[in-house]
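**Q** Before I ask anything, here is the structure I am working with.
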Amino acid sequence: MSAPHWLSQGTLVLASNNKGKITEFEKLFAELQLPVDVIPQGQLNIPDAIEDGLSFVENAIIKARHASKISGKPAIADDSGICVPVLGGAPGIYSARYAGDHGNDAANNEKLLHDLKPFRNAEQAIQGMFVCVLALVEHAEDPLPQIFQGFWHGEILEQARGEHGFGYDPLFWLSELKMSSAEMSKEEKNKISHRGQAMQRFRESLMTRE
């Protein structure tokens, strides 16, 4: 099967201005050694899209189309967050602005801890799941966006642990590893995280086209 058209375009726009995400993606894309330059949209002066979808998939597509329309290039976008079943799936798509201000990690973590207090008990841990959805469009009106998803299951701690990562990493406990995701190295995290898993699906899609 022939290579996808976007690989011949020379540039793939990464539709994100989130420094934490960009750092992780730069590492993940470097491992793929794609024959294109992956450029964060900020380098092209592309502002954030208005995320008015009701799901991770919708918002990922919105962001990818937005970046592709302005740049005229293929684009890939990530929409991700943490879902806590006892909160009805919240923070969900509102993870980055859960406490009000977009990207205020400390405030978001504090609100999550506060909201979980009524559900805490000594017998049972509170489950949570990181979700990542990648959407790739070859052009702004691409009728068939490619979707790649990753899910990372863990528990929500009662207090922050670790200094690495970003977002809710300090509250995300991996019982089998006896550490939070904020205590993992970038390399360790990328191997098993929701974003790493979504990128693995992306990698597999490229292999099927070789």
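Positions of Cβ are set from backbone N, Cα and C atoms, glycine also.
Copying in the features that Swiss-Prot gives for the protein in this structure:
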type: BINDING; residues: Ser16, Asn17, Asn18, Lys19, Gly20, Lys21, Ser80, Phe166, Gly167, Tyr168, Asp169, Lys189, His194, Arg195; note: substrate binding site
type: ACT_SITE; residues: Asp79; note: active site, proton acceptor
type: BINDING; residues: Asp79; note: Mg(2+) binding site
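Buried or exposed, and what's around them? Tell me for each listed feature.
**A** Neighbours of Asp169 (substrate binding site), defined as other CB atoms within 10 A of its CB across all chains, total 24.
Following the DSSP three-state reduction, the secondary structure of Asp79 (active site, proton acceptor) is strand.
Other C-beta atoms found within 10 angstroms of the C-beta of Asp79 (active site, proton acceptor) number 26, with every protein chain shown included.
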**Q** Calculate the distance in Å between the alpha carbons (Cα) of Asp79 (active site, proton acceptor) and Asp169 (substrate binding site), and round it to a whole number.
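**A** Distance between the two Cα atoms comes out at 16 Å.
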**Q** What residue among the binding-site residues Ser16, Asn18, Ser80 has the most other CB atoms lying within 10 A of its CB?
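**A** For the binding-site residues Ser16, Asn18, Ser80, the Cβ with the most other Cβ atoms within 10 Å is Ser80.
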